[in-house]
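Next up is a structure, given as structure tokens.
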Amino acid sequence: MPKITLKGVTVDFPFQPYKCQEEYMSKVLECLQEKVNGILESPTGTGKTLCLLCSTLAWREHLRDAVSARRIAERASGELFPDRTLASWGNAIPEGDVPACYTDIPKIIYASRTHSQLTQVISELRNTSYRPRVCVLGSREQLCIHPEVKKQESNHMQVHLCRRKVASRSCHFYNNVEEKSLEQELATPILDIEDLVRSGTKHKLCPYYLSRNLKQQADIIFMPYNYLLDAKSRRAHGIDLKGTVVIFDEAHNVEKMCEEAASFDLTPHDVASELDVIDRVLEERTKVAQQAELHPEFSADSARSGLNLEPEDLAKLKMILLRLEGAIDAVELPGDNSGVTKPGSYIFELFAEAQITFQTKGCILDSLDQLIQHLAGRAGLFTNTAGLQKLVDIIQIVFSVDSAEGDPGPMVGLASQSYKVHIHLDAGHRRTAQRSDVWNTTAARKPGKVLSYWCFSPGHSMRELVRQGVRTLILTSGTLAPMASFSLEMQIPFPVCLENPHVINQHQIWVGVIPKGPDGAQLSSAFDRRFSDECLSSLGKVLSNISRVVPHGLLVFFPSYPVMEKSLEFWRARDFTRKLEVRKPLFVEPRSKGGFSEVMEAFYARVAAPESSGAIFLAVCRGKASEGLDFADVNGRGVIVTGLPYPPRMDPRVLLKMQFLDEMKAQSGAGGQFLSGHDWYRQQASRAVNQAIGRVIRHRHDYGAVFLCDHRFAHADTRAQLPSWVRPHVKVYDSFGHVIRDVAQFFRVAQKTMPEPAPRAAAPSLGEGGGIVSVSVSPGPLPTRKAMSLDVHVPSLRQRHTGSPVTKDTEGSLCVEYEQEPVRAQRRPAGLLAALGHNEQLAEGPGDEALPVEEACGCPTLLGPREKRPAEEQRGRRRKVRLVGSSEVPAASTDTGRAKLFMVAVKQALSQASFDTFTQALRDYKSSDDLEALVARLSPLFAEDPKKHSLLQGFYQFVRPHHKQQFEEVCLQLTGQGCSSPHKHGHPQRQGAQLALDSSGRKESDPKLTVSQGATRQLDPCEQLNQGRPHLASGPFPAGDLNCSLHKGSRAPGAEKQHPSTVSAYLADVRRTLGAAGYSQLLTALTTYKQDDDFEKVVAVVAALTTEKPEDLPLLQRFGMFVRPHHKQRFRQMCVDLSGPGTQAPGPQEGGPAMPSDPVCEAPSPGPRKTQSKISSFLRCQACWRQHLQVSRKCPGCCAATRKQTLAQVFWPEPQ
């Protein structure tokens, strides 16, 4: 990596930096060396994150070297280097600034708005040569892995339940943190949030407290910036800012976050819910106290409940809340009910009436914390503690600064400077049911009032940060313009400022102001014109014409959701949208967060489709799509801004903000360091526009066009608010025709001169070229661990080779891409057990290669019955291996063909909306590997209609190998049938041309060997059937079976599994015998047992269901097939206890039908015959196996006629 020296510091950069990047890093180093604050703007795509990381970490390493130099000099005492001064070891650091020891080297705190942005930053860090000790802080909601805590619905309930478990040492994940947190695997690598959770799950330790441990020794700490700006969060996470370097990335949001973190709205609903909870706890505690008087032994139980509050304490809390409610209701509003505004200091008068003061706040907070922690984790009515938690937050905000000796003066003055109190009628909530106790106030019957305490100065939070002892504060973003006003708002000095140019050239960006549409109508988003038919019609025509000349993805930003929705409604009514979607389909940003990622993925997929002409994404300024998303290259070749997104002018908070700024400016005089209210109002719109413009150019080789569709952009003062890198390219057009001409010319030139963007990973599909099917032999036997893997032997479970031919069919390849993984380009044994399947690898002729649709898509009901294999194949007759061109191989004979046919079947069965949901679910599964989320999306599509059950079962072939068992169980619950029947496993039939291999991997030398001979010659029941592990027997082997008992210690993990047909038969019997209700209870208990491994719980349910009638007892015994190995012995004993001594406990067949003894087997077997008979259905001497397989072709257990292949493929199922 190139090394460059800036301000005396050597920076390791991944590549040769651009001039603007060197300038940016120089400014960062200037801030660090001079211990001053800085505001640095650098457009998106200029690599500011990489520059920040490399420059700060290089400076920190330089400082570490200086500490080493000081230690060497001190140790040498000037004898070794008498002529060398300390400064010569590090010329960028004055001698007085060198820390005394390594622990004094400043930590770096890197903050961004969201964890997803932090994940991108950590990914950038991995691309550098620096390997600092890293810590990322997150909430319990993101990091906690304790099942009980994760179930809590609200974050504050998770916090209190977690604290309670930690205090009582009842969380085993937390108990492991101290012991395991120093392990090299956890302390050394660079871990993000997802890595922490994975490592915590793997090592059984708490990721949340692990991150807090790592924080102590970390060189750089990543966190969302509300952890820094909110004093409550700083205290909760134990963040010490003294002497640290704090970096705010994406700092254009800091102003809003500072104000929101220090503000609150207290509604009547909040107060009512707080009173309800206190009422219920008070009633509960009163009953406990009465019981304790009558029965003293109850007092011990009360003491153990964990709540140290007496009923009198709870009554005081209730009185405080009622007085606060009364004080708020007593405030008189003007006749028009517009609300009343008071100075910020009024909040202390209001709270004092409720006896909430600096002196009492500590006791009140302690009582509320105890109450919430007491209720944490409790079910039913005691889960609604959000109101209590909000009251805690409110008291901490109001009394955020501790006054010396209880003197409220400083805090009152601060509140007067930065806050306003606003009280208005509650329009959003209605009062809950009227409380009818004697404490109710008459005010409860009046309309409720909302108490708002709003901070209007982001400088309030920033000054508090500086007071914590921060060494250097750096704010950076791609859109901070206008810079002067931004620094004024922060109200702290920023000596270092930078407004960087972009790294792109002039021919990569086109910016045009369009004041009029094609019909000559003025374009305006002003309040009085934005909903007029003339304006909406003209805007629709503009969008239609621009979509013709902008290739690929086009983004359209509206000022607000109502404007976007009204525009869409107008265009739909007049057929605009239908005409648009002929060229580019429309995707609309949803209001909710839930569906946003789905819409984005669908947009990306549509743009990336090979034959697609692109797509249009309609979004909102300041919305979810306006920042942090990747619209690079073809995803965003054009951005249309349809208006200036001013805040709502009549909103009380906006009016008060403007009024507050005007007051501050008037008080500071002519040269005051404050914005006017009007300037701030205009700046809010400009910042939102600049953020939207930043979506179009994302890197050095990107290009795109910006369309500003509002006549007000033609004004010079509005254009002056645009980013500095955009302003030189802006051109105002009088004629719309000239816009289309220039844009078309711009894209023609750009497409010729700019390099093609790197292609995204395409889904594998079927090619059209010729070629031959390669057949290669394995260089040697499979490793033991690999040979034990099921997907090595079963082709349908095998992950697909990345070099396979591709096609343009995106739907057909959608399922296949989930299974991709680089593997060796070799054909592997296709059978489940190599000992029984060697000769089955002989390839079929070309006539056998076409799979029926049913087999290709894994859906048995789609087409006709499966055709029979030729008789000569069944008899094991030799066949020739023919190599044919790939053009002769039907698509259905490949994984891609199966996927294509399956997708076609799904598309025919579902509506377009449902099919879109289905494809999106697959993409999410590919990226997240979350089977539960996939099932939640697929269940409503397929499970409700019995005709679609086969499609859900057919999806089994595309589920990743480690999820197949879980998906099998889900299918069983949803459809009543399993989905792993032999044809869906993709067994050896019709697998293409392969050569038969012997156990050493060489080509089979005896061409005349028949199927039966090959099987019987190599079969040894102890060594080769599942590597000698027990199958149906769950207990110890009989003493006489010495050959097999040698392997009893190496039981396969899935050896206790039953065949799906056995499970289906049992569940069908349960449904028939116990009815729907009993069946549902048993399934629920079984699912819970799988998750928590609680044997007592599941047995209690099953025993209650199956022991009411004597005839139901066999169901209890057969339930043993689901019992895990370490519970088998207890289950057998329980069956004996419940059934009586005369009833035999379920044996290895888990209560299934008894296997008939084999009259053929006369081989001597030491030990009692009774014990041997329990496993006689599976263990046979070689002679008996040979006779059964070669002559009778019957199952050795049930004597049913069958082919040898079926035996190999279904793991010897029990007879039905």
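Each residue, glycine too, has its Cβ placed from N, Cα and C.
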Cys144, Cys162, Cys171 show up in Swiss-Prot as binding [4Fe-4S] cluster; which entry in Cys135, Cys206 does that record put in the same site?
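[4Fe-4S] cluster site check in Swiss-Prot: besides Cys144, Cys162, Cys171, the record includes Cys206 out of Cys135, Cys206.
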Go through Cys162, Cys171, the listed binding-site residues, and name the one with the sparsest Cβ surroundings, counting other Cβ atoms within 10 Å.
Cys171
Quick check: with Cys144, Cys162, Cys171, Cys206 left out, which same-chain residues have Cβ atoms within 8 Å of the centroid of the [4Fe-4S] cluster site Cβ atoms?
Arg140, Ile145, His146, Val149, Lys165, Val166, Phe173, Tyr174, Tyr208, Tyr209
May I ask you to report the DSSP-based helix, strand or coil state of Cys206 ([4Fe-4S] cluster binding site)?
coil
What is the one among the binding-site residues Pro43, Gly45, Gly47 whose Cβ has the most other Cβ atoms less than or equal to 10 Å away?
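Its Cβ has the most other Cβ atoms within 10 Å: Pro43.
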Take the C-alpha atoms of Gly47 (ATP binding site) and Cys144 ([4Fe-4S] cluster binding site) and report the distance between them in angstrom, rounded.
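Here the two Cα atoms lie 33 Å apart.
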Could you give the residue numbers and ranges of same-chain residues that sit at least 6 residues beyond the motif 'Nuclear localization signal' (150-166) on either side and whose C-beta is under 8 angstroms from one of its C-beta atoms?
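The answer is 139-141, 144, 174, 208-209, 236, 306, 369, 372-373, 375-377, 383, 385-386, 389.
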Going by DSSP assignments with H, G and I as helix and E and B as strand, what are the residue counts for the motif 'DEAH box' (249-252)?
2 helix, 0 strand, 2 coil
Suppose you look only at the domain 'Helicase ATP-binding' (7-295); what would the mean pLDDT be?
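Overall, the domain 'Helicase ATP-binding' (7-295) comes to a mean pLDDT of 85.
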Non-local Cβ contacts of Thr46 (ATP binding site) (under 8 Å, 6 or more apart, same chain)?
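Listed in sequence order: Tyr18, Cys20, Gln21, Tyr24, Gly478, Asn500, His502, Val503.
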Which of the listed binding-site residues (Cys144, Cys206) has the least company, meaning the fewest other Cβ atoms within 10 Å of its Cβ?
Cys144
With DSSP helix as H/G/I and strand as E/B, how many residues of the motif 'Nuclear localization signal' (150-166) fall in helix, strand and coil?
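Counts, helix then strand then coil: 13 helix, 0 strand, 4 coil.
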Cα-Cα separation of Cys144 ([4Fe-4S] cluster binding site) and Thr49 (ATP binding site), in Å?
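It is 29 Å, counting Cα to Cα.
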